[in-house]
Structures are given as C-alpha cells and as structure tokens.
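There's a structure below that I have some questions on.
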Amino acid sequence: MSAYRTLTAADAVDYARRYAGLSDAETLINAEEVGDGNLNLVFKILDGQGVSRVVVKQALPYVRCVGESWPLTLDRARIEAETLLAHGRYCPQHTVRVLHHNAGLAVMIQEDLSSMAIWRRELAYGRYYPQAARQLGEYLARTLFHTSDFYQHPHEKKAEVGRFSNPEMCQITEDLFFTDPYGSHDRNSYEPALDEAVASLQSDSDLKLAVAALKHRFLTKAEALLHGDIHTGSIFVAEDRLKVIDAEFGYYGPIGFDIGTAIGNLLLNYCGLPGLLGPPEAATGREQRLQDIGELWQAFAGRFRTLAAENTRDPALAESGYAGYFLRQVWTDALGYCGTELIRRTIGLAHVADLDTVTDAAMRHKCQHHALKLGKMLIMSAPHIDDAAALMACIRQGG
Ligand code: SR1
Ligand code: MG
C-alpha cells in the first residue's frame with residue numbers, strides 16, 4: 001500500500017498513465033482539477049486533443065469546504081471504491097466504473113463521464129430527462145436488494161457490515177441531518193429572513209421527537225449497503241443514461257435513507273423552481289418533478305418486489321407478502337428522511353444550488369420557507385402518507 005501524499009496535477013497524469021489501464025496511456029498529458037464538491041480533489045485527465053479520458057479522485061485528509069480545521073478519515077476513499085464496486089456488480093449500467101483504487105493514497109481512477117451532465121445543474125435549467133427517475137429507482141432497487149438480508153447469506157452480510165463500517169462519514173450525516181438543524185450550532189447557515197421559521201422548528205418538540213426516531217434508525221438499522229449521499233449532484237444523466245458517483249458515505253443503513261435523500265433532492269428542485277425559471281417553465285418543471293418522484297418509487301418498489309419474488313435466499317423473508325410489508329416500512333422511512341434532507345439543505349452546513357442560486361432575495365426566502373414547511377410536513381406525516389399518489393396530493397396542497 002502506498003504512503004499518502006496529496007497529488008499535484010502532474011502526479012495525477014502520471015498516476016493515470018500507470019494505473020488507468022489504457023492501451024494508449026502515453027497520450028495522457030494534462031490534468032484539470034474540477035472538484036466542486038465539499039470533500040475531495042478531482043482531476044480530469046486529458047489527452048493531447050484536450051479530451052478527458054479518465055478521472056482521478058483523491059480524498060484529502062480534511063473537509064475541503066471547511067479546511068484543515070476539520071480533519072477527516074482517508075478510509076472514505078476505500079469505502080467509496082468498494083461501495084461502487086459492490087454496486088457496480090449488481091447494477092453496472094447505473095454505477096460509475098472504478099478502473100483502479102489504492103487505499104494508501106486514498107485515490108481512485110474512474111471512467112470519464114464528460115459526455116453526460118450533472119442532474120442537479122440540468123434540473124436548475126429546466127432540462128427534463130424522462131428516463132432518469134426510473135433509472136435511479138432501478139439502481140436503488142438492484143443495489144439495495146442484493147446487499148440486503150433478502151439476498152446475502154447472513155454470515156456474508158455481517159462481514160460486509162464490518163467491511164463497510166464508516167463511522168466518521170456517518171457522524172457527518174448524523175450531525176448535519178439530525179442534530180445541527182434542530183438546535184443552535186455554528187455549522188448552521190441561513191439568512192436572517194429565516195430566523196423565525198428556524199426558531200419555530202427548533203422549539204417544536206414533536207418534530208424533534210420524530211427526528212430522534214429517524215436518527216436512531218440511521219444509527220441502528222443495517223438493512224443494506226447504502227450509497228449514503230445520493231443527491232442530484234452525485235448523479236450524471238444523458239438522454240438515455242444515468243450513472244451514480246461519489247459513494248464515500250457508503251455504509252449498511254436503512255434503505256429508506258437512500259430513497260428519501262433521492263426524493264428530497266427532487267423536492268428541493270421543486271421548491272426552488274419558481275425562483276430559477278419563469279412561471280410557465282417552473283410550473284412545467286414542477287409537474288415533471290412530481291412525475292419523477294412517482295416514477296422513482298414505482299421503479300424501485302416494482303424492481304425490488306420482482307427481485308424479492310425471484311431471488312430471495314432467506315426462507316423466512318421469502319414468505320408471500322413479506323416484501324410488500326417491508327416496502328411499506330421503507331416508504332415511511334423514506335418520507336421522514338426526505339423531510340430531514342429538505343430541512344438540512346436549507347438551514348444546515350451544506351446547501352444546494354436549487355435554493356441558494358435564486359438571485360431575487362424575497363423569492364429565495366419564499367422557496368426556502370417552502371422547503372422547511374414541506375420538510376416538516378413529511379417528517380410529521382410520514383406514517384399517514386400511504387403512497388406516491390397521497391404524497392403528490394400533499395405536495396400540491398402546498399406541503
Ligand atoms: C462536510 S460534508 C457536507 C455534505 O457534503 C456531502 O456531499 C454530504 O451531503 C455532506 O452532508
Ligand atoms: Mg459527494
């Protein structure tokens with residue numbers, strides 16, 4: 001295992017030449033650092049024609065968006081590569097391909113996806129990808145079913161829970177989703193226009209009780225190997241393709257967390273659209289988002305049911321009707337986690353462009369208030385929203 005050092009652009013080119021497995025590796029001559037996320041260095045490795053051929057991603061020993069004052073485990077790079085490899089085994093069509101990884105250097109080489117676009121950016125421009133939600137549902141069903149107790153041998157599953165133990169990254173989620181927004185914390189970030197709404201959330205003991213239950217399930221419910229941070233900035237789309245990247249938050253957790261995070265990011269776009277586009281385009285985009293959410297859930301639940309009917313290995317879990325019962329619990333969890341994503345992306349440390357890039361201040365605050373109201377409604381009403389149609393009805397009524 002190599003000793004850790006931070007790669008320069010020249011190092012990244014050299015590294016890709018050696019380890020990407022390209023037959024014309026000597027044509028790689030340049031690197032462009034394009035990391036715009038919160039955590040890592042990301043280099044596109046270019047050939048002499050300026051074409052990006054592979055991506056070299058390296059974990060920094062601290063949180064990039066905060067600085068060296070917040071040290072962070074390098075083991076996340078191993079977890080990321082191994083999560084993507086596990087997910088790629090069960091859903092290669094929607095998982096970024098890992099070409100090489102080295103735990104000592106905390107580095108990974110992955111396929112280049114420059115011909116695709118980040119879904120969050122496309123959604124902000126009102127560009128619709130009618131296949132994307134169904135493809136994401138398919139990815140979630142295949143990866144989560146095959147890493148769950150429905151499919152894995154109980155010994156293998158328990159060993160995998162250990163291999164994917166990811167305490168420092170989980171703590172980020174535990175703090176940023178479930179703790180910081182519900183009390184006064186330095187990492188929270190919001191404009192004074194939200195003061196009253198935030199004070200109301202933070203003094204709502206019923207809400208905090210429901211969030212405590214969601215956090216407890218996140219801490220204890222090792223149902224499947226989650227992506228752990230499946231937001232629209234971690235998803236590349238093209239007309240007929242979708243690929244998921246960035247799995248450094250991977251761990252064995254509640255399936256509803258991945259589903260809820262994904263739906264939550266579609267709803268963040270729903271809340272931001274009136275501030276991002278003109279009225280007719282925003283109305284169209286909102287209808288498309290609701291359709292996306294319905295299709296995501298139908299694709300996920302439909303595929304999960306089929307896999308459960310055909311491939312469940314545990315004799316008790318194969319009992320007729322059990323998969324349906326389980327999916328009902330996943331749905332309820334997902335709505336709650338979706339609510340926490342809406343709230344933490346509005347007032348916590350890590351925001352989203354869907355809300356923050358709304359330039360008109362009054363409109364931005366309106367969109368942010370909407371996200372908070374919808375988030376709270378979802379957390380509180382999750383057990384009473386029976387299905388996707390009932391969810392749409394609640395959202396249309398204004399959350
Ligand atoms: C300190 S990391 C902040 C956020 O960025 C990541 O993408 C995760 O969503 C995390 O919560
Ligand atoms: Mg990420």
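Note that the numbers count up from 1, one per residue, in the order the chain is shown.
Heads up, the Cβ atoms here are built off N, Cα and C, so glycines get one too.
Sharing the record's features from TrEMBL:
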type	residues	note
DOMAIN	32-263	domain 'Aminoglycoside phosphotransferase'
BINDING	Asn40, Lys57, Glu111, Asp112, Leu113, Asp246, Ala247, Glu248	ATP binding site
BINDING	Asp229, Arg344	substrate binding site
Please list residues from the chain of Glu248 (ATP binding site) whose Cβ is under 8 angstroms from its Cβ, counting only those at least six apart in sequence.
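Within the chain, Glu248 (ATP binding site) has Cβ neighbours under 8 Å at Leu39, Asn40, Ala59, Arg76, Ala77, Ile79, Glu80, Thr83, Met169, Gly228, Asp229.
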Anything from the binding-site residues Asp112, Leu113, Asp229, Asp246 with its Cβ under 6 A from ligand 1? List those in sequence order.
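The binding-site residues passing the 6 Å Cβ test are Asp229.
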For Asp246 (ATP binding site), list the number of other Cβ atoms lying within 10 Å of its Cβ atom.
24
Could you measure the widest C-alpha to C-alpha distance across Asn40, Lys57, Glu111, Asp112, Leu113, Asp246, Ala247, Glu248, the residues recorded as binding ATP, and give it to a whole number of angstrom?
18
Can you tell me whether DSSP puts Arg344 (substrate binding site) in helix, strand or coil?
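DSSP assigns Arg344 (substrate binding site) to helix.
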In angstrom units, rounded to an integer, how far apart are the Cα atoms of Ala247 (ATP binding site) and Arg344 (substrate binding site)?
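Their Cα atoms are separated by 19 Å.
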What three-state secondary structure does DSSP assign to Asp112 (ATP binding site)?
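Asp112 (ATP binding site) sits in coil per DSSP, no helix or strand.
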Rounded to a whole number, how many Å is the Cα of Lys57 (ATP binding site) away from the Cα of Arg344 (substrate binding site)?
26
List, in residue order, those binding-site residues out of Lys57, Glu111, Asp229, Asp246 with a Cβ under 6 Å from any atom belonging to ligand 2.
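From Lys57, Glu111, Asp229, Asp246, counting a Cβ under 6 Å from ligand 2 as near, the near ones are Asp229, Asp246.
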